[in-house]
Amino acid sequence: MSLSAIAKPRTISKLFLAIEQSEGVGARVRRSVGTARLRNFSPFLMLDHFFISGKAGFPDHPHRGQETITYLLHGQVDHEDFTGSTGTIDEGDLQFMTAGRGIMHAEMPRPQKDGSPVMGLQLWVDLPEKLKGVEPRYRDLRKVEIPIVKPSDKVEIKVISGESYGVKSVQDLAYTPVWMIDATIKPGGSMSQLLPEGWNAFAYVLDGELLCGTTKAQQYNNIVFDRDGDGVEFCVPEEYEKDAHVVVVAGQVLDQQVVQYGPFVAVSKEKIYEAVTDFQNAANGFERAKNWESKIAKMIR
């Protein structure tokens, strides 16, 4: 069997359009995971495709119990948290953040000189219960660290996390096992992507149109797969006018309850009450949140 051969493609359980909504301060997002159409698709909690122009963003806010993966597609985003950690991710970079027992931070896009919106994806991933109390941590993955594989002259794949056509990504980016594959397919091109057995998986179309089997998917569509089969297949017919840009995401299913209250994720209501109380009292992981204000969010205050 070749590195890309799929014996049985996964079937599509649903396909739907991510609807635009407001989020943060002045930001617009298209949310697919985390809506009524796809909620708690373990280990995934939320997927936002964000578009941010001018003085807008995500000022000071807390997290507990999850990991976030931010993939920047255009522009720059500054980051600052209550530990004093600061940084910037640029176009093509990613940041993997583990909130663990608690973090308070701000994520603020830099306004672009040409007025274009800062764009990217943010994925929230649940943490296994035994790791929800770990210390917060970050891992930036720079564009130059991401392996690229070209199975044909019509397909380019960035192996952000996981494996594609025998090319493996940088390892140990997050606690919860997640694959993220970014593919650009030109008209006349096709690709196959093997996926770990039993993992949940979806594909989000960033641009263009493509076929997944015989099903047509368009820009801003989320294609959700059943767990049957060993992978997924995409093609862009010759007659299509533009390239398709799709991100394939798969994650190991966690056998645990999911109780979420805004930025707090736990396995029970009692743990959620604890998270809210700890944040309000600046305790048990949130000690440094008391009276903390980021510098980068002052531009919109």
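Glycine is treated like the rest: Cβ placed from N, Cα and C.
Residues or ranges marked as Fe cation binding site in TrEMBL: H61, H63, H105, E107. Using a 10 Å Cβ-Cβ cutoff, H105 (Fe cation binding site) registers 27 neighbours.
According to TrEMBL, the domain 'Pirin N-terminal' annotation covers 27-125.
Residues or ranges marked as domain 'Pirin C-terminal' in TrEMBL: 181-284.
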- For H63 (Fe cation binding site), the nonlocal same-chain Cβ neighbours (under 8 Å, six or more residues apart) come out as M97, A99, G102, I103, M104, H105, P263, F264
- Item | Helix, strand and coil counts within the domain 'Pirin N-terminal' (27-125) (DSSP) | 0 helix, 65 strand, 34 coil
- Note on the structure: Long-range Cβ list for H61 (Fe cation binding site), cut-off under 8 Å, min separation 6+ in sequence, same chain only, gives M104, H105, A106, P263
- Message: For a quick check of packing: other C-beta atoms within 10 Å of the C-beta of E107 (Fe cation binding site), how many?
- Response: 27
